[in-house]
């Protein structure tokens, strides 16, 4: 790991590296992410298709779009994006995650360009994308403002950036930390720290002056009876936003 | 998991019709297997779908049985562009009479009449010959690019990462992302996958036959609850009806071995003579009845559908309709996952199908089990209670409409195909 990486919190990277082998087990420690995948995939697919004028029911609707999955972990989003036809770069600061992701993509016959790198390094290399996915990452980085600005810089004119995270509210503390980590045991304790959670207004603030502007927001809520995540107007706990750069 | 396939070389020459690889491999070419394959292929044309059937070429054309198609299954056949070709073979059922009586009673009291349509102009069910349904499903499958291979029973399969390696026919190996077992109530694939079942044997058999009669049935279905079990008369096209006659397995065997005259005498006693003289046109054949529910409907890269997942008592005529619901729900799950770029064989994807279907299936299994136990006996107090029950149902419009909607298969959250919409 390079010492110059400024947005990386080493303690966070180490914790996820230990968990990396668990990534692709839908019954394992990342079960909540597997459960969460359909709702965020649907949101991404439908927003991208509406924005770029694609048919969501056609084969490979993301054909020709270059996509960055920043903080890709084991590749839970990168693989579906590649199957949808996108040209995918999956980036993660953890070498272990990238190794796990590469092995799995190879087994699945899915083509993803996985790189153990950071958003700043990609930005410095002059990489640009039609779509930047920034999902369940901002609450784990050391400097939200710097991270968001480097991601925004890579969004091409007319391109999109998705951000999903957890709000910093009392309700989020109760549900996403106490509930999910301590009561239900869905997530390992210490996965999320309250003070690192990010408010929607802080996303807007971090993006100010970047030319990338939020145009849609949605809450995501867990429906206990259906045992699935659904879109909701309530952004107090989990939420997703999508921003665009003018063409 | 399943039996290991250690054969090293792929013998392409022996079974050229089976491909080396496909996305979805369906084992079993009954109506559930064909409907599932067709629904997936139409919903996601970029997925390659193979149907492999253990029976040799031409066996399916010899099926003389007919099935009751509820309104929802009919909508699905419409959505799959199969219905128009089936109309000439379909007998609408516009009325259903349910009675409870001892065999010897000359006039049976009519307790429950399910007459009237579900919606104006829509009969609550149709009777269709299996062979016609199979024929049109095969034709539409071929048009949708589905490969159908006969004489290719699955002998083993093993999961290997993102694929499952299937041995079929003469040791041909096919790599698939998802294996769907539609191989019937005694599913061998279910056993190979190590999925256990809950099973009750009723000690009863269903005698099935096609009967020709002198006078028209006018679209009327009848279900008589006789002491040995239900006796159903289901109208076919022309002056013909299909019967499902429940007897103890012992008596059923005796009836099948008896000379045709004795069989027709026994039949007349139950069928009655109001449709005139009766002739046995096809059959009789007997099928042992039981309730079989798979403990799981899915495993990694594996799913059960139709009777392989649940063999229920035919008392409410719901076997086929449950099977079509499975086909519609499984195809919708697979197509939806594919359109989100997900791995169609992943366990968390397949579990959506299981959650969707299992409650409905168990409920139907238990309901038909209770109905059968209630109606298959001759104790006076039980008769009094159930007569009262049926009478009450007939007098309470809301309860009756609940039952008729259940019989039409319209209740519960319906997959898109069952609402007549494409996936």
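Any Cβ shown, glycine's included, is placed from N, Cα and C.
Any TrEMBL annotation is an automated prediction that lacks curation.
Long-range Cβ contacts of residue A:135 (S-adenosyl-L-methionine binding site) within its own chain (separation 6+, distance under 8 Å): A:40, A:69, A:71, A:77, A:162, A:163, A:164, A:240. Per TrEMBL, the feature S-adenosyl-L-methionine binding site maps to A:40, A:71, A:92, A:135.
Sequence-distant neighbours of residue A:139 (Mg(2+) binding site) (same chain, 6+ apart, CB under 8 A from its CB) are A:165, A:166, A:192, A:196, A:197, A:198. Per TrEMBL, the feature Mg(2+) binding site maps to A:136, A:139, A:140.
If you draw a 10 Å sphere around the CB of residue A:136 (Mg(2+) binding site), it holds 22 other CB atoms from the protein chains shown. DSSP assigns residue A:140 (Mg(2+) binding site) to a helical segment in the three-state reduction. Distance noted between the C-alpha atoms of residue A:92 (S-adenosyl-L-methionine binding site) and residue A:136 (Mg(2+) binding site) is 12 Å. For the binding-site residues A:40, A:71, A:92, A:140, the largest tally of other C-beta atoms within 10 A is found at A:92.
In the three-state DSSP reading, residue A:92 (S-adenosyl-L-methionine binding site) counts as strand.
For the S-adenosyl-L-methionine site, whose annotated binding residues are A:40, A:71, A:92, A:135, the maximal Cα to Cα separation is 19 Å.
In three-state terms derived from DSSP, residue A:135 (S-adenosyl-L-methionine binding site) belongs to an extended strand segment.
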